[in-house]
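Asks: Take a look at this one; I'll ask things after.
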Amino acid sequence: MNNQKTFKGLRLAALGLVAVAAFTAGCSDVSTELKTPVYKTKLTAEEIRNSAFKPEFPKQYASYERNDETTVMTEYKGSVPFNKNDNVNPLPEGYRHAQPYLKNLWLGYPFMYEYREARGHTYAIQDFLHIDRINRYAEKGGLPATCWNCKTPKMMEWVKESGDGFWAKDVNEFRDKIDMKDHTIGCATCHDPQTMELRITSVPLTDYLVSQGKDPKKLPRNEMRALVCGQCHVEYYFNGPTMGVNKKPVFPWAEGFDPADMYRYYDKHGDLQVKGFEGKFADWTHPASKTPMIKAQHPEYETWINGTHGAAGVTCADCHMSYTRSDDKKKISSHWWTSPMKDPEMRACRQCHSDKTPDYLKSRVLFTQKRTFDLLLAAQEVSVKAHEAVRLANEYQGAKAAGYDDLMIQAREMVRKGQFFWDYVSAENSVGFHNPAKALDTLAQSQQFSQKAIDLAMEATQYGIGKDLSGDIKTIVPPILKMNRKLQQDPEFMKTHKWFQYLPVLPKADQVWDGQKRLVSAKQ
């Protein structure tokens, strides 16, 4: 009898341990042992048209078409294409959570002309061809064909045809050689058309993976569920003519994914000849402070990878392509690439956080985003003040410190670093949520670097510029609300802000391009 009880007790204990283990496994890191679905489509290996995938996968395609939505905002983000520097006007022109100093900080760089909240991926080519960053007032756009890299799977054809010579071609050369809807970011960007296996089509990502000893065709599926997004949602730069293939895109990840890692990388991978910045990389020189600058691009992948979710194996697809049920109750991955915050039930989050209510989960996201956004505004103001301090010090006519030139080099270095650290978070599209600790730490460092620039400029002028930096920065350097290529052709407009004196007045010109339509002939 006692033996039977003992055996029964041991059996119950064993079952209990199994249950606990199963429960724990359900709450632990996401398994990377995902079974890969196997398909055999009727498509060719070269198929890139989005419409060709619709008959094969109508349910997924229907969800993909939801990327056409352009009216819904979350608290800080959304798909309404407002001007991201305009916190004065209401939607759709501006928005209360805009950053007013963007045009100041990007003065002299095409981003100063237009920078809007992105619409869905289905509009990638349409919005690209209408944006003012590309010169539409001349036959040539003034930017390399590299800019097409993350807009279309047609890149594969173009690179195959032209090889590495493709990258340095003018962006407008391909303006009318593409279907804005059928060739936009879509199925072929991430899937093999014949098997639907996830694949890497990005040249710079392939180059990086190979440099790390990885075969892009033999990666675990869970890793691929993030990397297909990491083809484009990343920081990148274009090679200079002396640094390899001219204008070829490169991911600056050789030293790591954090802003400090990238900043070290950029210090060694450029061809600048400016005193104090020799051999460093710069996207442009800010005309007000004369500082060689780096423009950060949307580093979502780098932000996510060592955050809470990235470290746990939770991928982009888990949150932004969560499972849904079609009308016939079939379970599919949604191809509406959007914020989980647009779902009142927060179902993407509750796949793991099933013990939390939707309201609680939203409140936690907003808690992080508010703290991040408040620091973004603070960091950009200190960055603007740093540019102004260096500008004033450049032109200071009073008695200067003995080490003036060296102090000014150091000041510009801190301007450059402070703005890059701010931009790393500003350009990243989660308002801090992909990695709250990294976002807040990066913005704190940004303010420290920018303040150091101010201190160095003050020291260089023996504090002679102090009186001109005293007071509210919005009064000292007003935010630039409007600036575009047409306005830069107007001499009177160019007198409306003191920083505009460092920009040339553009010659009068008619608009040549409206999307893919040529309006007038242009002389080169």
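Every residue gets a Cβ built from N, Cα and C, even glycine.
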Asks: In Swiss-Prot, which of 216-220, 246-250, 351-355, 466-470 is labelled region 'Interaction with NrfH'?
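Replies: My reading of Swiss-Prot: the region 'Interaction with NrfH' range is 351-355.
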Asks: Figure out which of H121, H130, H309 sits with C229, C232, H233 in the heme 3 site per Swiss-Prot.
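Replies: Given C229, C232, H233 bind heme 3 in Swiss-Prot, the matching entry from H121, H130, H309 is H121.
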Asks: Check each of the ranges 29-39, 73-83, 183-193, 194-204 against Swiss-Prot and return the one annotated as region 'Interaction with NrfH'.
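Replies: The range carrying the region 'Interaction with NrfH' annotation in Swiss-Prot is 29-39.
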Asks: Which residue of H320, H335, H387, H434 does Swiss-Prot report at the same heme 2 site as C187, C190, H191?
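Replies: Same heme 2 site in Swiss-Prot: H335.
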Asks: Report, as numbers and ranges, every residue of the chain located at least six residues beyond the region 'Interaction with NrfH' (318-331) whose Cβ falls under 8 Å of a Cβ in that stretch; write 'none' if there are none.
Replies: 30, 59, 62-63, 225, 229, 309, 337-340, 347-349, 351
Asks: Sort out for me which one of C319, C349 has the most neighbouring CB atoms within 10 A, since those are the binding-site residues we care about.
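Replies: Ranked by Cβ atoms within 10 Å, first place goes to C349.
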Asks: Which residues in the same chain, at least 6 apart in sequence, have a Cβ under 8 Å from the Cβ of K295 (Ca(2+) 2 binding site)?
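Replies: W106, Y109, F111, D283, W284, D423 - these are the non-local Cβ neighbours of K295 (Ca(2+) 2 binding site), listed in sequence order.
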Asks: Other residues near the Ca(2+) 1 site, CB within 8 A of the CB centroid of G78, E117, A118?
Replies: M73, K77, S79, V80, P81, F82, R116, R119
Asks: What other residues of this chain sit with their CB within 8 A of the center of the CB atoms of C147, C150, K151, the recorded heme 1 site?
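Replies: For the heme 1 site, the extra neighbours are A124, F128, T146, W148, N149, T152, C232.
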Asks: Using DSSP and three states only, what is C147 (heme 1 binding site)?
Replies: helix
